[in-house]
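As structure tokens, the structure follows; a few thoughts come after it.
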Amino acid sequence: MASGGGYRNGTHKAPNLRTSSSFKSKLPTSASSNGRRSSTIDALSGRVRVAIRLRPRNAEELAADADFADCVEIQPELKRLKLRKNNWDSDTYEFDEVFTEFASQKRVYEVVAKPVVESVLDGYNGTVMAYGQTGTGKTYTLGRLGDEDASARGIMVRSMEDIFANICLETDSVSVSYLQLYMETIQDLLNPANDNIPIVEDQKTGDVSLPGATIVEVRDQQSFVELLRVGEAHRYAANTKLNTESSRSHAILLVHIKRSVPGREADFSAETDNSSHLATNYKPPMLRKGKLVLVDLAGSERVNKSGSEGHMLEEAKSINLSLSALGKCINALAENSAHVPVRDSKLTRLLKDSFGGTSRTSLVITIGPSPRHRAETSSTILFGQRAMKVENMLKIKEEFDYKSLSKRLEVQVDKLIAENERIQKAFEAEVERIRLEAHKHVSEAERNYAEALKEEKIKCQMEYMESIKKLEEKWSLNQQKHTNNGQMGSGNEEISELKMLLQHEMLTRKAAEEEINILKDQLDRFTNPGSAGGNSDILNLQSVLEEEIRQKKRLEEEVLVLRQFSQLTMEAGQTTSYLGRSRNGTALPGLDSLSPLKNLHCKDASNGERSSITNLHEQVGLHKILSLLESEDVTVRIHAVKVVANLAAEEANQEKIVEAGGLTSLLMLLGSSEDETIRRIAAGAIANLAMSEANQELIMTQGGIALLAVTAADAEDPQTLRMVAGAIANLCGNDKLQTRLRSEGGIKALLGMVRCGHRDVLSQVARGIANFAKCESRSSAQGQKAGRSSLLEDGALPWIVQNSNNEASMIRRHVELALCHLAQHEVNAKDMISGGALWELYRISRDCSRDDIRSLARRTLTSSPTFLAEMRRLRIEL
């Protein structure tokens, strides 16, 4: 049974790993100041459990020891073995478990390691260690990966399978470190640059930590096996007479598990005020921490048997010294000695918690049957017998999960802030509604009162004129009667009667005039701001109305100037735009409707027009133009955003627009306006500004991607979608913004716009995908990104393959570039083959009209082992 496997052959590049500050190797016996509880139950006594495993004879022993009987006799049913001294005498030893040479890897794991793993899942520390002579199967028992045969998996792989099967990845976490102790130096197998990691011991708690050791959080079994394979590739091994692949270092795998305790919450109210809102509604959950230590010790050996020379001799001395120090510590613990020489070796310092500490420990002893190595077998058996006498005190480790509580409280605070903002906005909207309604009622009352006053005045005048007319008729009639009859007496009476009537009519007229004056006074009180008896609210409204009239007059003057400016820019030219300027210098169709100003200097007769535009722009002022973006008049906003878009087409104006707050105003206009024309032109202006790398970061910081994504989802107009796609495509060319661009929905928005089917929109979508793929390929080559392409994860591959031979040359060229850049990262190869991209790459390498793209496709196919293997299988030749 070989002690090692083929997993040490070859080298693997370690992934990007984060670095931990320290490891806990021994739990404190009392609660710490930050609320941690070292145990929720009393400490339990746990003896070190020892199992022995016999390796079958190998080919060399079958040939050399054919005439000799095995020196070991196994009695598994009695958990006993006999070590023969000679043909008639032997020594008998009992262990916790005895495995024959036919014992399976599964049975060894279930007996030796499974109880320890279950204890670690319950919050205890656990250790599983393999000890024995070189070539007896320690690495096979502990670290075999089982790539070819799943039944040959060792304790390390099977332990992690059990751990992942019993935790919830949503609430629990698993992280690992893989180290080796070589020549009394601790080295990081996951990051070989860390080649001299110090051991730091806390004087108060006794915890042993390894600052600088790499900690990797794993989420599945496959990633863990990859880490083991990387670590084994960096472990020291050599060929000796006892083993063709002998481990020359002690390998130590540290597995840290954090599990939330379901249904249990800490008594948080005892530490805070009982009347506190947090104490009554938010209690921190409990968190259990367990640590599993898997140790594959290097084999003890005699120099005369192993044949070690030179540097290998020094390695053998270091191994034997560290194992000797471990044996002394176990002897001292087994004999209850007052002094345990833990500090004699770094190995004993690292395993301080495993022997005589708080860890549940299982030890598997591996031996061989050959009588030539009887002395080494006897020494190994005695080591296991002494280890069985060591007692550990097991303690569970629980602590408050304040981080989880903090996240819950932050979410609650965010909800309360959002609710408060909503209520405040609703209150302000209600106040504005009441103000407008009051203003409407006052205006209506003033209008009704004026009309009633006018009608009453006309009515009084008509009655007065009618009375005068009647009096004149009576007067004429009386005069005629007086002349004909000559009766003075009766004439006098009639005159007196007429005078009385006239006097009555005069009094009536005077009363009507007084009533008219009174009505005028009342009207003056409503309309005259200086009236002493006027209502204060009406005076304020009158002032507001006058101010609105002045503001409206001023805005009308500015709008007139802006319309003249817009008319000049519309006549200046309709030829070029922003979208043609991608990061690689490729020209594309632009904002035809916005009449960019950037090419005015190319026209022979445009010098006079540019001078007029410059003078008019300086006369109005950029701030006034930007202020019109908030006008209530839709026509004004349309003219204003057109002017800003034309100005943004000039590089010289872009910095001024951003400094004046124009970018912020355009983003607000894009998110709030319901007018399709305004949204289209605003998106075009943002796309112009997105050509600058400095502006790209500002757009991302101010939530521009989210606004562009919403616009892309709502818009149906192809021109609007073209502007939005162009803006996102410009942002896709920035290496620093790729992660944030994807997380805020930029890639999904870009892919969602293909529903339009318009050629110009598809061209911008293809350009954005090509820019993103190019940046992603560059990050992968520099080691800044690992794993599959984000474009593949977002489902872009089917569309890319479908349009790789599009009739439109612009779309086809960008899609071909995107395919080539995706294929440069080996991790994408399998997905691209299954998605049909291999055939398109092959077609591009042969038929593409552009030499650079054709060469890139050919170079990519020839440098990928996965593509080459698939082409050999399909019998495709380049």
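Placement of Cβ uses the backbone N, Cα and C atoms for every residue, glycine included.
TrEMBL does not curate its annotations; it predicts them automatically.
Marked as region 'Disordered' by TrEMBL: 1-40. Among the features that TrEMBL reports, compositional bias 'Polar residues' is placed at 17-40. TrEMBL lists Gly132, Gln133, Thr134, Gly135, Thr136, Gly137, Lys138, Thr139 with the feature ATP binding site. Residues annotated as coiled coil in TrEMBL: 502-565. Marked as repeat 'ARM' by TrEMBL: 620-662, 661-704.
In this structure, the binding-site residues Thr134, Thr136 were compared by how many other Cβ atoms lie within 10 Å of their Cβ, and the smallest count belongs to Thr134. The Cβ of Gly132 (ATP binding site) lies under 8 Å from the Cβ of Lys138, Leu297, Gly299, Ser300, Ile365, Thr366, Ile367, Thr380, each of these being in the same chain and 6 or more residues away along the sequence. Note on the binding-site residues Gln133, Thr139: the fewest other CB atoms within 10 A surround the CB of Gln133. As a whole-number mean, the pLDDT of the coiled coil (502-565) in this prediction is 63.
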